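I have a structure I would like to understand better, so I am pasting it below and will then ask my questions one at a time.
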Amino acid sequence: MEESDTTKYVIHAHISAEGVVERPDVVGAVFGQTEGLLGADLDLRELQKTGRIGRIEVNITSKYGKSNGNILIPSSLDKVETSILAAALETIDRVGPCISKITVTKIEDVRSSKRKQIIDRAKHILTDMFDNSVPESQEITDAVKAAVRVEEVTFIDNLPAGPNVLDSDAILVVEGRADVLNLLKYGIKNAIAVEGTNVPQLVAELSKKKTVTVFTDGDRGGELILKELLQVADVDYVARAPDGKGVEELTQKEVVKSLRSKVPVEQVIEVPQGRRRNKLAAQAAEKQAQAEAAQKAEAPAAAAPVQPQREYQQKEYPQRESRERSEQPRGEVPRRKSLRRTEEQQERPERPERSERAERREYRERREYREPREPREQREQAPARKEREPSEFDEMMKELSGTLSARLLDANKNVINTVAVRDLANTLKESNGDVKSVVFDGVITQRMLDIAAEKNLETLVGVKMGSVVKQPAGVKVITTE
């Protein structure tokens, strides 16, 4: 059967005739008896001329004076028009001189057959062609990536670095060349390696001009490098790999997570050696003052209950002696008197118990009456532990507690902006002078005080004071501790 390229459906019909008929007779009956039946738009001759239907295929055989066969008509019409043509075939009742009957058996969707063929072929292509080529392509891709990474590594004063270290406004300081290569693999091109704990002078000079983030390994070596960098370089942020892992071992997801979790250098516990000595000395002096104040406060409290306790013991002992003396017989007495005496001895202990309870109650009342005076004496002897006066920023500090955020206020205490603590220093440096007060959930450091004085801030409110060597006179500092 010949079909056009646009064939959508094939009409299958069965024909039976009471006599001997041949193929030309059937084709002539199909065209002749349907002509003018469905109108000009569905005329079979016109549809065949325009290619809307294909060549009519007839297979018929004759036996014992009767003929039977099949008719196939390919169609590129839609479902509705194809169904109308199929129904029109069943109206044919004569083929030549013989009575005949045509019955439509099915309408085949050619596109479904093509879909099945496409699926089978796609399975074959997928299993036989792609399996052998994927490993080879992967090897080629890995080789190209490795070559590009090696070519991108540059050396600045013999230090491995990415190609954008000198041009970028911010740099990452890592430990070794493997760390730089791993970061280049994920598109980070502004990393430079220090190659050990001896920090080169180049890194110290770059830290003065650029925003520096130290990205250390999650081991002891990373801590040592961080301490060294804090002493000789101007570090802005600190990022750390997960515990037990090096930067060269991290996946892209771990690298991004570690860099997003970076913290300002002010939040890092370790500080340069000179500041550390001052901080330790201040902490030792504070602890000594607190210990002396606590001893002075505890001295009156410890001495107060001693005297009532001795009085209570002195009062208790004569009662016990009197009871013991009353229980000792002075001589022989009649039996009735001894019985009375034993009854009295059984009844007498109740009175001393009541007197003891009364004395204990009186002693507790005296202690409760005297204890409220102790905090006053303690405040008089240790004025350093006086409670902090309430501030107009207390409510705002409660709102910021635990958020690691900061609020910038104008002269009227209105909130201008809210930023993260790690971005506070850069935000203040870029401010235009309208910020007069800063309230943040963090530690007040020397660097923060210097920036506040430079920007003419009036008030700086934080959680506590850090290692501050010099406090500007024009900046009022308030802490919640």
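Note that Cβ sites are derived from N, Cα and C of the backbone, with glycine treated the same way.
The feature Mg(2+) 1 binding site is assigned by Swiss-Prot to Glu175, Asp217. The Mg(2+) 2 binding site annotation in Swiss-Prot covers Asp217, Asp219, and the record cites sequence analysis as its basis. Residues or ranges marked as compositional bias 'Low complexity' by Swiss-Prot: 281-309. Positions annotated as compositional bias 'Basic and acidic residues' by Swiss-Prot: 312-393. Annotation comment: Swiss-Prot describes 169-243 as domain 'Toprim', evidence class sequence analysis. The region 'Disordered' annotation in Swiss-Prot covers 275-393.
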Among the binding-site residues Glu175, Asp217, Asp219, whose Cβ has the fewest other Cβ atoms within 10 Å?
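Comparing Cβ neighbours within 10 Å for the binding-site residues Glu175, Asp217, Asp219, Asp219 has the fewest.
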Round to a whole number and give the Cα-to-Cα distance in Å for the pair Glu175 (Mg(2+) 1 binding site) and Asp219 (Mg(2+) 2 binding site).
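Cα-Cα distance, Glu175 (Mg(2+) 1 binding site) to Asp219 (Mg(2+) 2 binding site): 12 Å.
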For the domain 'Toprim' (169-243), what are the DSSP-based totals of helix, strand and coil residues?
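Secondary-structure composition of the domain 'Toprim' (169-243): 31 helix, 18 strand, 26 coil.
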